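A.B. asks: Here you go, one structure.
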Amino acid sequence: MKRKSPATIAGCGLTPAASGRNKWAAMTASIWMQCVSGSAYTFGFYSPVLKSTQLYDQQTLDTVAFFKDIGANAGVISGAIYSSSPEASRPRLVLALGAVQCFAGYFFMWLSVAGILHRPPVPLMCLFMLLAAHSATFFNTADVVTAARNFPDHRGTAIGIMKGYLGLSGAILIQVYSTVYGNDRSYFLLMLSLLPTALALLLMYFVKVYPSNFQDDRPLLNAFSLIALISAGYLMAFTILENILTLGSSVRCLTLVLLLILLISPISFIMKGHLRDSMLPSTAIAISHERLLLANADDSSEVSELETESEENLNLFQAMQKCNFWLLFICMACGMGSGLATVNNISQIGSSLDYKSTETATLVSLWSIWNFMGRFCTGYISDHLFRSRGMARPLLMVITLASMSVGHAVIASGLPGALYLGYVLIGVCYGSQWSLMPTISSEIFGLRHLGTIFNAIAIASPCGSYILSVRVVGYIYDKESHKGTCVGNHCFLLSFLIMAVCTLMGSGVALALFFRTREFYEQVLYARLRHLAV
């Protein structure tokens with residue numbers, strides 16, 4: 001292949017300042033989109049309105065919720081579109097398609113709830129819900145994969161930040177709406193149809209893959225991480241106060257303004273990245289641009305800065321022929337399935353253990369915070385341990401799944417305060433799987449088809465949830481209950497013991513994955529250290 005000269009590359013309009021500025025602008029734009037992309041986590045907030053206006057019984061509402069879970073986890077299509085589209089338009093195309101689905105799904109649901117559209121048949125409402133929830137996979141794929149490719153040597157941290165903000169998005173959306181509309185939830189679906197759609201269409205031109213600039217990205221990534229932690233702590237404090245005290249409208253408005261300032265603050269890092277990268281020697285910039293152009297011109301290129309030599313870059317069908325793919329799938333079915341089964345039944349669990357409704361409501365509200373902590377902290381810590389101690393990420397999956405098993409066992413004990421402790425453990429460990437799985441997938445199977453592969457593995461989440469939530473928890477609860485209600489530790493004792501065993505088995509499968517990939521991770525670490533030394 002003929003190599004382009006630095007002068008030719010300079011003629012393409014790529015400047016050091018633009019490269020550095022746009023990479024951090026892409027990160028900031030992706031964060032803002034992730035902050036409003038977690039509408040699937042707000043179903044419990046608007047489901048009472050949906051149920052009352054459409055005259056649904058509980059079984060019908062659960063059917064609609066099931067289509068929500070399918071749409072929110074079936075992201076293979078978005079991954080396939082991202083992988084097969086031209087390099088320059090990949091994120092934009094995926095985000096635009098996600099915006100169309102988001103608007104169509106939630107807008108027609110709002111028309112139905114508002115009475116503007118005649119009450120649709122249940123299958124049609126399920127289709128609206130499927131479209132609305134499916135849009136989140138398009139936003140998530142574009143943001144996560146682009147971040148991983150922009151920061152290949154810090155992909156754990158980058159993915160952790162993206163997934164962390166997605167975990168916080170439910171609490172952010174609810175706070176924004178509650179501040180504006182109070183307890184009236186009839187317009188919440190309208191907000192969900194407009195806000196994520198508008199942000200995606202406005203910001204999608206900033207989300208691109210840019211060449212590596214041979215700079216250490218850790219300081220600025222650490223700054224992004226600090227803002228994320230402060231935002232999570234702020235939301236946690238507000239949630240606790242909201243459940244303890246009655247906050248006036250002025251206080252709510254002030255807290256919302258402070259939250260928005262926190263979320264907007266990463267814009268300052270764009271200028272810092274611009275100033276830092278503008279000082280980079282022109283020869284290094286020319287080399288980085290040339291390598292990206294070579295990679296775009298030939299997908300089989302082995303000089304791509306975005307992919308280390310030790311990564312295989314398999315497509316989905318090739319990955320599915322590997323044992324490691326199915327080991328990851330089983331781990332996710334055990335971890336994510338048991339986590340969803342817990343959060344979906346937390347109200348009934350609290351009632352059976354004689355917890356007050358306010359205490360259970362606080363647990364539900366704080367789920368997004370524990371979810372965030374697992375997603376963000378595991379991504380950051382896995383990067384640190386991998387670089388400093390050479391610890392392979394599957395070993396962290398072993399630890400988190402084993403800890404999740406302890407959380408289930410703690411709840412099964414029925415001891416005073418056990419629900420709080422167990423719920424925190426399960427929430428943190430559940431979130432950690434969403435950070436570890438895409439990162440491990442990108443390292444084992446490569447970055448090129450990451451969107452398709454990690455979304456295919458994510459299907460394990462609704463599969464595990466259906467088995468454990470419906471076939472285990474629901475079945476045993478009905479057996480133990482009397483006239484639809486059950487009080488006492490026996491209501492969920494066996495269910496949580498089964499889930500404890502399930503997650504422990506998942507930890508064992510993750511241990512098998514660790515031993516299978518230990519030598520591979522040594523090669524990855526060597527390749528990245530050599531890359532940083534260039």
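Quick reminder: no glycine exception, Cβ is built from N, Cα and C everywhere.
Just so you know, TrEMBL annotations never went through curation; they're auto-generated.
Straight from TrEMBL, here's the annotation block:
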type     : residues : note
DOMAIN   : 23-268   : domain 'Nodulin-like'
TRANSMEM : 29-49    : transmembrane segment
TRANSMEM : 93-116   : transmembrane segment
TRANSMEM : 122-142  : transmembrane segment
TRANSMEM : 163-181  : transmembrane segment
TRANSMEM : 187-207  : transmembrane segment
TRANSMEM : 219-241  : transmembrane segment
TRANSMEM : 247-270  : transmembrane segment
DOMAIN   : 319-521  : domain 'NFD4 C-terminal'
TRANSMEM : 325-343  : transmembrane segment
TRANSMEM : 363-382  : transmembrane segment
TRANSMEM : 420-440  : transmembrane segment
TRANSMEM : 452-477  : transmembrane segment
TRANSMEM : 492-515  : transmembrane segment
A.B. asks: Could you check if the transmembrane segment (363-382) is in contact with the transmembrane segment (219-241), meaning 3+ Cβ pairs under 8 Å among residue pairs at least 6 apart in sequence?
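C.D. replies: Result for the transmembrane segment (363-382) with the transmembrane segment (219-241) is yes.
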A.B. asks: For the transmembrane segment (325-343), find every same-chain residue at least 6 residues outside the stretch whose CB is under 8 Å from a CB in it, and list them.
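C.D. replies: Here the qualifying positions are 69, 319, 349, 364, 367, 397, 400-401, 404, 408, 411, 423, 426-427, 429-430, 433-434, 437, 440-441, 444-445, 453, 457-458, 460-469, 472-473, 495, 499, 502-503, 505-506, 509-510, 512-513, 516.
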A.B. asks: State the non-local partners of the transmembrane segment (163-181) in its own chain: residues 6+ outside its ends, Cβ under 8 Å from one of its Cβ atoms.
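C.D. replies: Contacts with the transmembrane segment (163-181): 31, 34-39, 41-42, 45, 140, 144, 187-188, 191-192, 195, 228, 231-232, 235, 238-239, 249, 252-253, 255-256, 259, 263, 365, 368-369, 371-372, 374-376, 379, 431, 434-435, 438.
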A.B. asks: Please report, as numbers and ranges, the same-chain residues at least 6 past the borders of the transmembrane segment (219-241) whose CB is under 8 Å from any CB of it.
C.D. replies: 24, 27, 31, 151, 154, 157-158, 160-161, 164-165, 168, 171-172, 175, 247, 255, 258-259, 262-263, 265-266, 269, 272-273, 276, 362, 365-366, 368-369, 372-373, 376, 380
A.B. asks: Taking the transmembrane segment (29-49) as reference, which of 93-116, 187-207, 247-270, 492-515 has the most Cβ pairs under 8 angstroms?
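C.D. replies: Going through each listed stretch, the top one turns out to be 187-207.
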A.B. asks: Do at least three CB pairs under 8 A connect the transmembrane segment (420-440) and the transmembrane segment (187-207), leaving out pairs fewer than 6 apart in sequence?
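C.D. replies: Checked: the transmembrane segment (187-207) vs the transmembrane segment (420-440), no contact.
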A.B. asks: Given a Cβ distance threshold of under 8 angstroms, which distant residues of the chain, six or more beyond its ends, lie next to the transmembrane segment (420-440)?
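C.D. replies: Same-chain residues near the transmembrane segment (420-440) but 6 or more away: 144, 148, 155-156, 159-160, 163-164, 167, 328, 331-332, 335-336, 338-340, 342-343, 346, 363, 366-367, 369-379, 382, 393-394, 396-397, 400-401, 403-404, 406-411, 450, 454, 457-458.
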A.B. asks: Mean pLDDT over the domain 'NFD4 C-terminal' (319-521): what is the value?
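C.D. replies: A mean pLDDT of 89 is what the predicted model shows over the domain 'NFD4 C-terminal' (319-521).
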